[in-house]
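Below is one structure, written out as structure tokens; comments come after it.
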Amino acid sequence: MTKIGGILVCLVIVGLDVAAAILGIQAEVAQNQVKHMRLWLFECREPSQDAFRLGLGAAAILVMAHVLLNLVGGCLCICSQDEFQRSSSTRQISMACLVLTWIVFAVGFGSIVIGTMSNSKSRSSCGFTHHHFLSIGGILCFLHALFCVAYYVSATAAKDEAK
């Protein structure tokens, strides 16, 4: 029963991350369909309400996936480098995956938020181009799914190993 629960948790997290990735990429497509004028590095364009909504949805779903992972993955506390070096390889892999998950989440979430905010109604302006933030955030959602599964599997194995 535990294996079925673990598989279900992984599928839900991957499903949420894939949904966030698809929404982020669709937001990029919607953003590119808006009229804009470009002169070298500067660009003037109208914000896309569709891109704003899709980006907001992608950010919310990515946060849900990350929170779910941290709730079900548990906490494997390693407080010092000595403790890290003395811990088992499974626990070290788990901690590395957790750190990578947080890094990918921070960069992906930040990219999606930057892309989403550039499509806010109040942001109809000219300036430096900010292309591909939404699609980069979407791609990082796929990477987030990969590290989430790796963390969950290794954290579960480390907990079983400790028993």
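Cβ atoms are placed via backbone N, Cα and C, with glycine included.
Swiss-Prot lists 1-27 with the feature signal peptide.
Sequence annotations record features per position, and here Swiss-Prot assigns transmembrane segment to 54-74 (among others) based on sequence analysis. Residues of the same chain lying 6 or more positions beyond the ends of the transmembrane segment (54-74) and with a Cβ under 8 Å from any Cβ of it are 9, 12-13, 16-17, 19-21, 23-24, 26-27, 30, 98, 101, 105, 108-109, 112-113, 115-116, 119, 134, 137-138, 141, 144-145, 148, 151-152, 155, 159.
Here Swiss-Prot flags 95-115 (among others) as transmembrane segment. Non-local neighbours of the transmembrane segment (95-115) in the same chain are 20, 24, 27-28, 31, 51, 55, 58-59, 62-63, 66, 69, 73, 76, 78, 84, 87, 130, 133-134, 136-138, 140-141, 143-144, 147-148, 150-151, 154-155; each lies 6+ residues outside the stretch with a CB under 8 Å from one of its CB atoms.
Listed by sequence, the residues of this chain that lie at least six past the ends of the transmembrane segment (133-153) yet keep a Cβ under 8 A from its Cβ atoms are 6, 9-10, 13-14, 17-18, 20-25, 27-28, 31, 51, 54-55, 58-59, 62, 65-66, 69, 72-73, 93-94, 97-98, 100-101, 104-105, 107-112, 114-116, 118. For 133-153 (among others), the entry in Swiss-Prot reads transmembrane segment.
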